[in-house]
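As given in TrEMBL:
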- 20-47: transmembrane segment (TRANSMEM)
- 38-284: domain 'G-protein coupled receptors family 1 profile' (DOMAIN)
- 56-75: transmembrane segment (TRANSMEM)
- 95-117: transmembrane segment (TRANSMEM)
- 138-161: transmembrane segment (TRANSMEM)
- 202-222: transmembrane segment (TRANSMEM)
- 234-257: transmembrane segment (TRANSMEM)
- 269-287: transmembrane segment (TRANSMEM)
Amino acid sequence: MDGLNNSMVSEFVLLGLSKLQTFLLLPFSMLYLMTVVGNLLVVFLFITDPHLHSPMYFLLANLSFVDFCLSSVTTPKLIIDFLKDNKTISFGGCMSEILCVHFFGGGEMVLLVTMAYDRYVAICKPLHYSSIMDRQKCIWLVLISWVIGFVHAMSQLAMILDLPFCGPRTVDSFFCDIPLVIKLACMDTHTLGILINADSGVLATTCFIILLISYTYILVTVRLHSKNGASKALSTCTAHITVVLLFFGPCIFIYLWPLSITWVDKFLAVFYTVITPLLNPAIYTLRNRDIRNAIKRLISQHMDSKDNF
């Protein structure tokens, strides 16, 4: 019976972003290209540059990889759909999008908490940093973020996979987002919608509160123990805090705000799936001296090899 219900709708129609989609093709293509290049560059620098083989950059490289994956779930199809009048996605493709967005999104939330913990140890317990944040612990922390992201995504998918979809099949967005998809089910999904939003909302809100407490504690602790430390700690943590606000703001608004305004939801969806994955490497690269120096060394090595050739 469940298979019959699901087969009633074999594909969904995506309304996309705007009627002016032709004019959006080039800007979004450039944004995605910069996202791919920026995030993979950070990963490449961490792998090839020994100066960056530290816990902080290990976590940053993982964040960049997650951002690359998150952007790649929705943005390529969005760009391709700019060239189409009839934008459709199969039922399986729709469920896959939901799974991947929540997998990478949930994993990134936990990874940002892990990065806050790393900064807490580095700033508040500097003498014990190397023993606390050893290689094995860093790997375990990253694995935990992936596991939590996967469990969160599977719990979301499990709640909607067997819903009876028999029409209508129009999703007023550029990708399959759960709040919009469950509205198309041929049954009352009010209670289910609350459960789904609670699932995402609890994860996002819990991580966000932990992050706010962590960075507040870091800044207060340093200010009490050092006259000049507050500005240094603020400089160190500003990039992290900025990324946290940019990522969690739209997510919390979409899943916890009781009122749904279509154009606002679309803008926020674009922000956390397209814009934020681009801003993250830009923020860390522009503010981080080690990353900038690594890029200079990479360029210098390339120029030297070119001259030798």
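Glycine residues also receive a Cβ, built from the backbone N, Cα and C atoms like all the rest.
What TrEMBL says about a protein is an automatic prediction, not a curated fact.
Distant neighbours of the transmembrane segment (20-47): 53, 57-58, 60-61, 64-65, 67-68, 71-72, 75-76, 78-79, 81-83, 274-275, 277-278, 280-282, 284-285, 291, 294-295, 298; these residues of the same chain sit at least 6 beyond its ends, with a Cβ under 8 Å from one of its Cβ atoms. Touching of the transmembrane segment (269-287) and the transmembrane segment (56-75) is concluded from the presence of at least three CB pairs under 8 A, sequence neighbours closer than 6 excluded. Counted over residue pairs 6 or more apart, the CB atoms of the transmembrane segment (56-75) and the transmembrane segment (138-161) come under 8 Å in at least three pairs, which marks the two as touching. Averaged over the domain 'G-protein coupled receptors family 1 profile' (38-284), the predicted model has a pLDDT of 86. Nonlocal intrachain contacts for the transmembrane segment (138-161), taken as residues 6+ away from its ends with a CB within less than 8 angstroms of a stretch CB, comprise 6, 55, 58-59, 62, 95, 98-111, 113-114, 117, 178, 181-182, 185, 192, 195-196, 199-200, 203.
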